[in-house]
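Engineer: Relevant sequence annotations retrieved from TrEMBL are reproduced here:
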type	residues	note
SIGNAL	1-26	signal peptide
TRANSMEM	36-57	transmembrane segment
BINDING	Gly114, Trp115, Thr116, Gly117, Thr118, Gly119, Lys120, Asn121	ATP binding site
DOMAIN	284-341	domain 'Torsin-1A C-terminal'
Amino acid sequence: MKLRRGALRAALGLALLPLLLGPASAVEPISLGLAIAGAAASALTGIISYPRLYCYFRECCLQRHDRRAAAALQENLDKKLFGQHLVNKVVVKAVKGFLNNSNAKKPLALSLHGWTGTGKNFVSKIIAESIYKGGLQSKYVHQFVATLHFPHAHSINLYKDQLQSWIRGNVSICPRSLFIFDEMDKMHAGLIDSIKPFLDYYELLDGVSYRQAIFIFLSNAGAEKITEVALDFWRNGKTREDIQLTDMQNALSVSVFNNKNSGFWHSTLIDRNLIDYFVPFLPLEYKHVKMCIRVEIESRGYVVDEDILTRIADEMTYFPREERIYSDKGCKTVDAKLDYYYDF
């Protein structure tokens, strides 16, 4: 019975290839006809509409079940993200609740803030990988970098039209599309407001619902305020784990809104409360830098040399200058330093 089922699967796979892979990959008709058994042919009509079989060959919108995606997100953040208890808690709850909500009233909008190297891009990557096997390479994940995709101030009106068309077209194809906007602190003021209708509480816009989409914004803006709060806690003898979201959220949103060097300067997205969470990434401490170095060495398949690990961590620069509490580049330059010390 197992052999017959295996043969049937193989025959069905051959039968579906022309449909799933397109004309360029189609199997030669005569050979294909010889390969398909009678039983496979009779079962084909019923099987071809089965979504899991199609998704085995081609990536599908919302490739992973909502609960599986939430579980994968939690597991990856627990294992790979260091020193960011607020991020772990807020992102997991926000994404998990959104994915499991079959009647969301608006898209999910997360704005991630903090210094370079604290994990903003890393977390957006983990979110993408949790929902789609292809991660950032998925055709349903769309990443924009301000200095690359929107470089010229005089072309803002053109960018607005292009951005609206891109979002509208991709959400029409896949309601669970993920949009990531990097370098928001370098984006021209006013540009991001063009996507305001897509983040608002509309059931439909021109026949399209955006309520299942996810928008993530990454920015260095607000990092000074985050560091200020973290230092106050440290000077008062409290740990970073004592910091709660309520200690950061309002001050962070106001700081970003009033920052003239931010793409969110006086943005209607903030003014209309369309950003669901402002997520603060705390500056990383010495111990967190060592964790990053250890994981990177192990990921390359090498045994950890504790002396080299400590030497690399010691060479990183820290601030404030006298206390040397926080790494000014987070874990950003770990890769380059490992290449210098290890003969990879």
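The backbone N, Cα and C atoms fix where each Cβ goes, and this holds for glycine too.
Please treat TrEMBL annotations as automatic predictions, because they have not gone through curation.
What does the local environment look like for each feature on the list?
Structural biologist: Every protein chain considered, the tally of other Cβ atoms within 10 Å of the Cβ of Thr116 (ATP binding site) stands at 15.
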Engineer: Around the recorded ATP site, report the further residues of that chain (criterion: Cβ within 8 Å of the mean position of the Cβ atoms of Gly114, Trp115, Thr116, Gly117, Thr118, Gly119, Lys120, Asn121; site residues excluded), sequence-ordered.
Structural biologist: Phe122, Asn220, Phe281, Gly330, Lys332
Engineer: Please give the average pLDDT for the domain 'Torsin-1A C-terminal' (284-341) in this predicted model.
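Structural biologist: On average, pLDDT over the domain 'Torsin-1A C-terminal' (284-341) sits at 91.
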Engineer: Based on Cβ atoms within 10 Å, give me the single least packed residue among the binding-site residues Gly114, Gly117.
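Structural biologist: Comparing Cβ neighbours within 10 Å for the binding-site residues Gly114, Gly117, Gly117 has the fewest.
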Engineer: Could you tell me which of these binding-site residues, Thr118, Asn121, has the greatest number of Cβ atoms within 10 Å of its own Cβ?
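Structural biologist: In terms of Cβ crowding, the pick is Thr118.
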Engineer: Taking only same-chain residues 6+ apart in sequence, whose CB is under 8 Å from that of Gly119 (ATP binding site), what do you get?
Structural biologist: Leu81, Phe82, Gln84, Val87, Phe281, Gly330, Cys331
